[in-house]
């Protein structure tokens, strides 16, 4: 179900799927086999193999990184690496010679470095680097990092396996498979990616928390860890499982050198400065270039010596120094010393994708006289097997090497700063000599180098007598278990016969510790001597390395291989997690962009709708006003016409009345006597004419006044109607504006809620992916732990079977020796008859049988106890792992809860601020609308007042015919 949800999260729509695209630096039209010829294999990694290739035209060599891809989308995972290699041009960074995509395989052709990787060189030489060599490498790495960081590139996987050596004694940084190319200078990253042992604390924290991203200073931490790795072969905490080292890095103090006294103060100060857990105070590459440890480096001679030594012809010699005192039933033949030459080793060219595991070898070269063929370490080859989960592999603790200059050189006689402590044991037999005493005459000097990177057990180691000439590993390493609890032995310390007590004590001690017999101890006294001769700057240098050959050499290789496999599996998970994270981020960004586009479209549509409504309302208003004005004009004309017609009729009536009055005046005059008629007629008619004119003027004035009043009333009524309509339209318009703003506010609120829900869901998807990836990682860790526990149990079973098979031989050998010594003792102290002696011998034999039976029972009980302890330890390892995983899951869930809570709180705060800002917006809108309403009212009021103050416009009157006296006559 969870996987289905996970697939749903990462599922993209059909139109969202990215089509195959062309990449700038990758050629698709050319078969790389036509240009390059594969001449060998350099290594393999989590994502493919690395081959040595030769250009068919120029003959130039390249490291061909071949990666099989299932589909086109996987190409995107490698484009960052190709782009970085193509754009970087620096003498200490590998160059890209070409990239091809052909038949589902991606070929990345990288500059070939003959010196190989630094970690492979250390394994080849069985020692760490000297301080001068580390100084040169550090200087050149800082220059490369300064260049990368100036290009906004974070390497994110610095380690010795990704530092390649050239033939000229320079280094080149490689493997940008997990590097990040930023867009901004101050951009930070939150991807949990890299190799655990070299991870900076801030990168480790990103496994469960993305709130504390890191920047380019994570490379500075990895640089410091790499320097410790070069000094000690292994990085700090290499004895821990990769899953536990992350917790160690996050919670522990910054790591330091295991033996600080062997290194210069400047080196220690440089590491202290670089390994600062606070990235804010951690210096940059440019600042570290000014540090005294690297500022004075001017020559790369030390690296040229290193490359020449690693590539020199090797003369191997195997010595087999067996004790002369052979057991009677020893049936194994001695191995004869043999010599053979070995071609210069093919050191691994490239740490493919950075998955080289920490190796278990901890050998270092010291300056001293050339070892002779008879030089042997007095003792046994002890390799301490750490049975805890933190164990990395068996440690080879007895080895030594010498370096001799055939001709004097500038560095002759200088002590190596990083040489390990040395235990000097003098004398073939007897007690060890004190450090300031000369060895006994005829004895040979033995040197045993013991170097444990994780702790310095040999510092201030007290000089003590070695009983019977044997050095028990438990005395050298307190608290550590001897190899297999069964592989240490003791050598007879004297050829005298008075050894009953000491021999018995030795044998019982060895049986208690599970050690092997005298004969078996001699099987481990094989010494492999490697002599390398090379010339640097005209100086011939001879380096001889000696180490004890152990049965567990294959076991070391197997442990290294298994650890490499574990890191590869972790790297694959990281890569897949990174890809899934990128896909999810891309999907989330696409969702967010789509949502924002939809929001914008919705907002635009709403605004457009209301703008259209406003336009329609204004247009409708304009049309209505125009129609009203037209109607008013028409009404005015019609009303004026009607009034004029009525006035004309009234005027006609009035004129008729005047005519009638005129007739009445004439009739009155005619009633007068004839002699008075003429004068009276004239007076009466003049008077009537005056009255008629006055009456007509008054009548016309009244008609005019009535007409003007009627027109004025009509105009006022029209204005009132238009004003009402304007008010109505303004109210509608303002209501529409209110609706528009309210809709916009509701839409804003809904969009913010929707955006919050999307971001919240995306955050849940993000943590779901993190939980999914964390559970996958935990499942892989449990699988690795189960394999580890199974290996420990199988090794214990094999060791116990070997002990069980050896015990009868030990008992037979011991029984014969004790019987011979007892008979010799009876012969020396002869008392009693032969029968008594035979009876004593019989009793002694019976006691021996009882003792041997008790030993076998003791061994069985010890094996059962060991198995119980081992099973308990395995269960403890599993429980501890489960507890760590539960803590991580709990931390992730707790962080998710806090993140969701913080997201909700921020959203609520944002909405509160938005609502607080909404009130002023509403008030501003209402103020604006009220202001427009007041302006309109003021406009109408002023218009009315203006109409009242200004005289009425002249009215076009009817063409009244003025009444005149001529007409009346």
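Glycine is treated like the rest: Cβ placed from N, Cα and C.
Range 947-969 is the one annotated as region 'Disordered', of 924-946, 947-969 (source: Swiss-Prot).
Looking at 792-827, 828-863, the range tied to region 'Disordered' in Swiss-Prot is 828-863. In the three-state DSSP classification, residue 157 (active site, proton acceptor) falls within coil.
When pLDDT is averaged over the coiled coil (839-919), the result is 89. Other C-beta atoms found within 10 angstroms of the C-beta of residue 157 (active site, proton acceptor) number 26, with every protein chain shown included.
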